[in-house]
Amino acid sequence: MKVLVINSGSSSIKYQLIEMDGEKVLCKGIAERIGIEGSRLVHRVNDEKYVIERELPDHEEALKLILNTLVDEKLGVIKDLKEIDAVGHRVVHGGERFKESVLVDEEVLKAIEEVSPLAPLHNPANLMGIKAAMKLLPGVPNVVVFDTAFHQTIPQKAYLYAIPYEYYEKHRIRRYGFHGTSHRYVSKRAAEILGKKLEELKIITCHIGNGASVAAVKYGKCVDTSMGFTPLEGLVMGTRSGDLDPAIPFFIMEKEGISPQEMYDILNKKSGVYGLSKGFSSDMRDIEEAALKGDEWCKLILDIYHYRIAKYIGAYAAAMNGVDAIVFTAGVGENSPITREDVCSYLEFLGVKLDKQKNEETIRGKEGIISTLDSRVKVLVVPTNEELMIARDTKEIVEKIGR
């Protein structure tokens, strides 16, 4: 079975075509700057990269170019679009309704649209990708995999906010959590690496990229996560503030004379590492490099960043009454030995002992255990693979309906 995985953003479509027998990626790429000047398709087959400059006014045109490229004589990896058995889509927000991945029908499309106010930047773009695929590949089943679904097992005590309950009843304001597909994949893979059943383990997964979140996974089910009603809560991120006193935005708005929308943009796009570094960079690699060269301010930023992660790990060890494994994933988590070492230095009370050499060596797509043999809690690096998780869900659902 061949599954086309699509991640449709506001001005881009990322894609992978995966042969599910052996789970081999046949090709992958991104159509970028959709609806903007300078749009193009970057297509990769094995290690070869091809760039097609083309005007892409909308998502449908972008997907059309992707599909044409898949069957192209020179760049293609299949002879006919009929070889695509199913399409799997990433959808950021499924609200409370979707607790697992589902087959797309009119009712599902309507439900995704209904929860769009909860993810105004993402869900409408995700929908454009789904509708384009349904139009251009008629008769091919489409499956949606929600970022929020994995966190729907979180209990009320962890998802309700201490604000008037009517706001939950009226507007469904609660903790939803994000990066769910990543947390699900790496917790599952960590159990495989440890040679244990997921249902027997208490795992804390740390998805540390430009966006970042921590999840407490108890016996295979998520019981808490650091992102909340929106992806703004929790850790210090590339451009997002993470946790802060809710009175601060009101104070700034009053003092600076700025609107709610401007404040929202500041917290989402100009805060976090970018804000702390006074606009120097939102990329942790730049901060690390400057800190290693002796920049005291960047050293402090690293301290703030790592401290927040360690605090959440400590909290989730308490929430689960113990922890067996801590997993690092995503851009920073997979490639920054400094981050992993510094975070783990706070966790010695849990019995965490890091193997310095293994920690240094486990970067650039490598996976494995980076704690010592006698470490009471195992520490792992697992490169995330959300696309594969989406493809697996898609295959499972399509096989169930017997297509």
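Here the Cβ of each residue, glycine as well, is placed from N, Cα and C on the backbone.
In sequence order, R90, V91, V92, H93, G94, F178, H179, G180, T181 constitute the residues six or more apart from D147 (active site, proton donor/acceptor) in its chain with CB-CB distances below 8 Å. Sequence annotations record features per position, and here Swiss-Prot assigns active site, proton donor/acceptor to D147.
According to Swiss-Prot, the Mg(2+) binding site annotation covers N7, E386. E386 (Mg(2+) binding site) falls within a helical segment according to DSSP.
When secondary structure is read from DSSP and collapsed to three states, I208 (ATP binding site) falls in the strand class. Among the features that Swiss-Prot reports, ATP binding site is placed at K14, H207, I208, G209, N210, G211, D283, M284, R285, G331, V332, G333, E334, N335, with the record citing sequence analysis.
Taken from Swiss-Prot, the feature substrate binding site covers R90, and the record attributes it to sequence analysis.
H179 (site 'Transition state stabilizer') falls within neither a helix nor a strand when secondary structure is assigned with DSSP, and so counts as coil. Per Swiss-Prot, site 'Transition state stabilizer' is recorded for H179 (among others).
Over all protein chains present, the Cβ of R240 (site 'Transition state stabilizer') has 26 other Cβ atoms lying within 10 Å. Annotated site 'Transition state stabilizer' per Swiss-Prot: R240 (among others), in sequence order.
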If you measure from the C-alpha of R240 (site 'Transition state stabilizer'), which of the binding-site residues I208, D283, V332 fall inside 10 Å?
none
Pairwise over K14, H207, I208, G209, N210, G211, D283, M284, R285, G331, V332, G333, E334, N335, annotated as binding ATP, what's the top Cα to Cα distance to the nearest Å?
24
Check V332 (ATP binding site) against DSSP and tell me helix, strand or coil, would you?
helix
Can you grab the distance from K14 (ATP binding site) over to N7 (Mg(2+) binding site)? Cα atoms, rounded to a whole Å.
5
